[in-house]
Amino acid sequence: MKSGDSTTIDVPHHEASGGGASKGKGAILTVPARQEKGGMRRGMAIIDLVLRIGAVVAALAAAATMGTSDQNLPFFTQFFQFEASYDDMPSFQFFLIAMSLVAGYLVLSVPFSIVSIVRPHASGIRLLLLILDVVALTLATSAAGAATAIVYLAHNGNSSSNWLAICNQFGDFCQTVSGAVVASFVTVVTLMFLILLSAVALRKH
């Protein structure tokens with residue numbers, strides 16, 4: 001057997017001669033190793049597609065939830081209206097833009113993932129997705145981290161910097177932005193799995 005080319009399997013068979021059966025020479029079946037690897041790569045490509053669709057849903061949910069986070073308190077004065085919205089905080093604005101970009105990239109990457117299923121031996125597409133997934137992971141992680149810091153301060157405040165906890169008054173707003181942050185971390189974890197899967201698939205080439 002030559003490594004990387006084919007797998008040979010000895011299959012014994014019997015030949016009938018006269019009144020009894022005599023053992024004959026074994027037959028040799030050859031199974032191309034390329035076909036075995038192709039099936040494995042196709043399976044990983046299918047998993048990649050499923051994870052990628054899941055990441056699309058999570059990223060879109062994060063962006064949409066943050067974009068609709070807004071709450072007005074039922075009381076106001078002559079000069080002030082008490083309102084909390086994502087566009088009041090630059091970190092939340094960055095979060096919305098970053099997660100929208102990540103979601104858009106993931107949607108555009110789905111056709112390339114489908115091509116990887118049809119052509120499992122095409123390593124160029126897999127390498128391209130790996131590089132772009134790393135960029136998307138970096139963007140999503142920075143957005144999630146920035147938003148997490150603001151959400152923490154909104155829940156707990158910071159007496160040293162006179163940052164008051166606003167979630168006691170704006171409970172619905174805090175719940176909405178917290179849900180967006182959770183969805184962003186789901187996106188981050190899914191992107192990590194996608195990168196790991198692409199690296200393993202390239203290693204198998």
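Here the Cβ of each residue, glycine as well, is placed from N, Cα and C on the backbone.
Listed features, source TrEMBL:
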type     : residues : note
REGION   : 1-24     : region 'Disordered'
DOMAIN   : 42-189   : domain 'Casparian strip membrane protein'
TRANSMEM : 44-66    : transmembrane segment
TRANSMEM : 92-115   : transmembrane segment
TRANSMEM : 127-154  : transmembrane segment
TRANSMEM : 180-202  : transmembrane segment
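Remark: secondary structure over the domain 'Casparian strip membrane protein' (42-189) totals 111 helix, 14 strand, 23 coil, with classes taken from DSSP.
Residues 45, 48-49, 52-53, 55-56, 59-60, 62-63, 66-67, 69, 86, 122, 125, 128-129, 132-133, 136, 139-140, 142-144, 146-147, 150, 177, 180-181, 184, 187 of the same chain, all 6+ positions outside the transmembrane segment (92-115), place their C-beta atoms under 8 angstroms from a C-beta of that stretch. Nonlocal intrachain contacts for the transmembrane segment (44-66), taken as residues 6+ away from its ends with a CB within less than 8 angstroms of a stretch CB, comprise 86, 92, 95-96, 99-100, 102-103, 106-107, 109-110, 113-114, 116-117, 120, 129, 140, 147, 176-177, 179-181, 183-184, 186-187, 190-191, 193-194, 197-198, 200-201, 204.
Residues 41, 44-45, 47-48, 51-52, 54-55, 58-59, 61-63, 65-66, 69, 95, 99, 102, 123, 126-127, 129-130, 133-134, 136-137, 140-141, 143-144, 147-148, 151 of the same chain lie 6 or more positions beyond the ends of the transmembrane segment (180-202) yet place their CB under 8 Å from a CB of it.
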